[in-house]
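Q: Got a structure for you, questions after.
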Amino acid sequence: MQKYISEARLLLALAIPVILAQIAQTAMGFVDTVMAGGYSATDMAAVAIGTSIWLPAILFGHGLLLALTPVIAQLNGSGRRERIAHQVRQGFWLAGFVSVLIMLVLWNAGYIIRSMENIDPALADKAVGYLRALLWGAPGYLFFQVARNQCEGLAKTKPGMVMGFIGLLVNIPVNYIFIYGHFGMPELGGVGCGVATAAVYWVMFLAMVSYIKRARSMRDIRNEKGTAKPDPAVMKRLIQLGLPIALALFFEVTLFAVVALLVSPLGIVDVAGHQIALNFSSLMFVLPMSLAAAVTIRVGYRLGQGSTLDAQTAARTGLMVGVCMATLTAIFTVSLREQIALLYNDNPEVVTLAAHLMLLAAVYQISDSIQVIGSGILRGYKDTRSIFYITFTAYWVLGLPSGYILALTDLVVEPMGPAGFWIGFIIGLTSAAIMMMLRMRFLQRLPSAIILQRASR
C-alpha cells in the first residue's frame, strides 16, 4: 500500500503544475473572447469562428510532438541522457516542418469560412484576418511544445506552468494594444487578438529556451556538438509514435465540433444548454488530462529503468487517483448543476436543459477519466497506434452514430434532442475506457523482455 501512496504523491506533484498550465492556457482563450467582445459582437464572433478552425489544426501538431515526452522519459530512466539532446533537435525540425503545413492550411481557411451558409461578409473578413494574424504564432507554439516536452519528459512540469502564466500576463496588455490601437499600433479589433496571441506564443517559447539554457539540471543534455541536421530515422520514429496521438486528438476535437453543428438547427435553447454543459465538462476534463500527462512520464521513466512492475504500479496508481478525482467532480457536478448553469445564463429554459445535461456529464466523468489516463499509460508504453484505433472506434463508430440515432431519429425512442448526443458521449467514452483497459492489461501481461524491448525502440 505504501508504494501506491508514494507513487500517488509523485504523480500529483507532476500533475498539479500541468493543471495550472492548462488553466492559464484556457484563461488566454477566455481573455481573447471577452476583450474581442468588448470591442464588438462581430469581432467576438470572428474570434470564435477563427478559433474553431485554429484548434483542430494546431492540436494535430501538438499531438504529433507529444511523442517526445515518453521518448525522453524512457531515455532519462535508462541513464542514456546523452541521447536526449538529439531527440529534442529532431523535435524542433519536425515542429518546423509541421508548422509550415499548418500555416498553409490556415492561410487558405478563408475558403471554408466564406462558404459557410448565410455568413455575414464583414464577419467572414474579420475571421480570416484573425486567422492570418494568428497563424504566424504556429511555429512559436509548436517550438514551445518541444521545449516543454523536453522538460516534462525529465519530470519537470513547473516550467510549463510558469511559462503559461507569463503568457497570460503578456496576453492581456498586448491584446489591449492591438485591439484598440494604442502606443502607435493600428486599431485591429478582433484581428488584434490574433496578433497578440501569436506574439505571446513566441514570448513563451523564448522564455522556455532561456530557462532551459540556465537550468543546471539540464546542463548535460542541452549541448550537442556540431549542427544537428534532420535525421530521417529519428524523425520517422517520432512520427510513428506521434501521428496516432495527433489523429486521436483531431478525431476528438472534430467529434465535438460535428455534434455542435448537428445541435445548431434544434434552436437557441438547445444550443445554449448544450454549450454550457460542454464548456463546464471541458473544465473538469483538465484534471484527468493533466494526470494522464504525469502518468506518461512516470510509466516511461520506470520502463527506462527496466522495471515493468514499477511501471504497472505507476499505471494503477494513476487510474486509482483519476477515478477518485472523477468521483469527486461528478458529485460536485450533480450537487451544484443548477447553480453552475446560472453562472452562464439566467434563462430558465436554458438553465433547466443545461442542468439535465450536466447529470449525463457527471455519469461519463469516470469513464472519461479512465480513458484519458489509459491513453496516457499507453503513451508511456509507446503503444500509440492502439490509441488511434480505440479513439476512432469509440467516438466515430460507436459514440457519434448512437448519439445521432437517439438525438434526431425515432429508430429507438422519440428524438431526444441534445440529451441523445450526450448519451452517445457516454457510450463512446465508456467504450474507449473499456478498450484502453483491455489493451493495457494485454501489454502488462507480456514478458518483461518484450515490454522493455518495445519501450526502448
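Each Cβ is built from the backbone N, Cα and C atoms, and glycine gets one as well.
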Q: So that I know how the record lays things out, could you check whether Gln87 and Ala272 fall in the same topological domain in Swiss-Prot, i.e. on the same side of the membrane?
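A: No, Swiss-Prot places Gln87 and Ala272 on opposite sides of the membrane.
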Q: Among the recorded stretches 11-31, 53-73, 160-180, 189-209, 350-370, which has the greatest number of Cβ pairs closer than 8 Å to the transmembrane segment (243-263)?
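A: Counting Cβ pairs under 8 Å, the winner is 53-73.
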Q: Are the transmembrane segment (387-407) and the transmembrane segment (127-147) near each other by the rule of at least 3 C-beta pairs under 8 angstroms (pairs 6 or more apart)?
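A: No, the transmembrane segment (127-147) and the transmembrane segment (387-407) are not in contact.
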Q: Determine which residues of the chain contact the topological domain 'Periplasmic' (32-52) at the Cβ level, with the cut-off under 8 Å and only residues 6 or more beyond its ends counted.
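A: Tertiary neighbours of the topological domain 'Periplasmic' (32-52) are 113, 116, 120, 122-123, 126-131, 134, 171-172, 175-176, 179-180, 189-191, 193-194, 196-197, 257.
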Q: Is it true that the transmembrane segment (314-334) and the transmembrane segment (160-180) have 3 or more CB pairs under 8 Å, sequence gap of 6 or more?
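A: Touching, no - the transmembrane segment (314-334) and the transmembrane segment (160-180) miss the threshold of 3 or more Cβ pairs under 8 Å.
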Q: Given a Cβ distance threshold of under 8 angstroms, which distant residues of the chain, six or more beyond its ends, lie next to the transmembrane segment (418-438)?
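A: Distal contacts: 255, 259, 262-263, 266, 270, 273-274, 277, 353, 356-357, 360-361, 363-364, 367-368, 370-371, 374-375, 377-378, 387, 390-391, 393-395, 398-408.
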